[in-house]
Amino acid sequence: MTDVKKSIRAGRGTELECLGWEQEAVLRMLRNNLDPEVAEKPEDLIVYGGIGKAARNWDAFHAIERSLKMLKDDETLLIQSGKPVGLFRTHSRAPRVLLANSVLVPKWADWEHFHDLEKKGLMMYGQMTAGSWIYIGSQGILQGTYETFAELARQHFGGSLKGTLTLTAGLGGMGGAQPLSVTMNDGVVIAVEADETRIDKRIETNYCDRKTASIDEALRWAEAARQAGEPLSIGLLGNAAEVHHELLNRGVHIDIVTDQTSAHDPLIGYIPAGYSLEEADRLRRDQPELYVRLSKQSMKKHVEAMLAFKKKGAVVFDYGNNIRQAAKDEGLADAFDFPGFVPAYIRPLFCEGKGPFRWAALSGDPEDIYRTDALLKELFPENQALHRWIDMAQKKVTFQGLPSRICWLGYGEREKMGLAINELVRNGELKAPIVIGRDHLDCGSVASPNRETEAMKDGSDAVGDWAVLNALINTASGASWVSFHHGGGVGMGYSLHAGMVAVADGSILAEQRLSRVLTSDPGMGIIRHADAGYEKAAQVAEEQDIMIPMKKER
């Protein structure tokens, strides 16, 4: 597999392998997901998030490549859990690819049934952006994580994390954004990770500053930085279920506690306490049922430590990996006594249609991204928080794979930025087209009662219709590719979510697509929250002339 691993890299420049730029964009982003700079285990087709994959197997991957190369401008390719299953003639304004990943009928929507289907070669776990081919490395979640810690700082620490110590765990593709997000907010963070290669990857990409296997050394570094008021991120090799209790026993003062281990998947994603990686691999292979049982017991112990830190005065929140649910299932009655990050810090942004707008340069030239950075500042001169974010990103973010950028934009802003990017492609200021997409974690694209839709005002946490409607409206609006997934972030049975990507190739057709998609997509977030009774969302809908047939009187 080593040769395959080395060979997967997105094309650059303006030479096409496909029959059009939309198809070429899909091919490049598929390959970009498996670039060794981007993916966690490219040799196994794993992009991030435990077993979040880009394709079901290598035969399916190569069949997708072949299909994309022959796909015409009026055809649509269908992907079922990472496998190409059909190609139909549609029309030029339809999506070029439609994807459904790991979607199970509700009664059967659990890990046991999923793994049974996976063993038979019938299904693949797509996570969120792994199976939808728009993952851009840890930067993809970076601004959302940064904004979460920034809001936490505003609520609890006077607007800055300077002089505070954060304790977290998990430095995979998503969790890897945590160290840099904390230091961008001037704080100190110890991030516990059981896999040393993951710590090394975050250090190589400048997301984490230092690593150690010694708790004593980590605490010395952290205290020195905290006392000096300097930001510092430390990757600590260890198991959170053990390390956290050791810190409690020592009476270490922690200001903030969260977690981004892959607790959503107790078999593949989480390492039980007391096991090395090698021992865990053997146990997983030989006794998977015992492994899951031990893994869940460790998660309970992990959450018990988080609750103990809360009792000692720390600000504690769940970062969307469903670890509270696992602990509750193991008998921990108060597992949900600390909130999830969305109701605590992010939902007000969702009510404005704000969410993770991202784009990647198909040219492969970083200068194309820097030009779009400048464009963003030109379009939104009054948004100083956005300017600060772009300045920090330019200084601190290392591109992984194709150069890309992430920023949170709201309703109206996304369309404005998308159309302006398309114009830069049209007039030749950019060397090649740009792909514009987002995380599935967005204002109107997810149903996830333990994460994005936790504690909705009207109790509609588990209503899955909204995620389906998001996929449908993006398809009707003509996104270049649209995806619908199950289980991302929080695991089987706990989420439904949709994604979209649109290609800015400078054409009039692209302009029309972008205008429709980048309006209706964030608009879904506004109508979803307005329907749930959020005053801010209803206000934005009224201000923006968004038609809601049965809008509630304000």
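Just so you know, glycine gets a Cβ as well, placed from its N, Cα and C.
What Swiss-Prot records for this protein:
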type	residues	note
BINDING	49-50, Gln127, 173-175, Glu193, Arg198, 239-240, 260-264, 270-271, Tyr319, Gly489	NAD(+) binding site
ACT_SITE	Cys407	active site
Other CB atoms within 10 A, centred on Ser262 (NAD(+) binding site): 26
DSSP three-state assignment (helix, strand or coil) for Tyr270 (NAD(+) binding site): coil
Length of the line joining the Cα atoms of Ser262 (NAD(+) binding site) and the residue listed as 'active site', in Å: 24
Pairwise CA distance, Gly173 (NAD(+) binding site) versus Cys407 (active site), rounded so that it is a whole Å: 18
Pairwise Cα distance for Cys407 (active site)/Gly49 (NAD(+) binding site) [Å, integer]: 21
Least Cβ-crowded entry, counting other Cβ within 10 Å, from the recorded positions listed as Ala240, Cys407: Cys407
Proximal but sequence-remote residues of the same chain as Tyr270 (NAD(+) binding site) (Cβ under 8 Å, at least 6 apart): Thr261, Ser262, Ala263, Ser295, Ser298, Met299
Chain-internal residues near Glu193 (NAD(+) binding site), provided their CB is under 8 angstroms and they sit 6+ positions away: Ala169, Gly170, Leu171, Gly175, Ile199, Gly235, Leu236, Leu237, Gly238
Neighbouring C-beta atoms (10 Å sphere around the C-beta of Gly49 (NAD(+) binding site)): 29
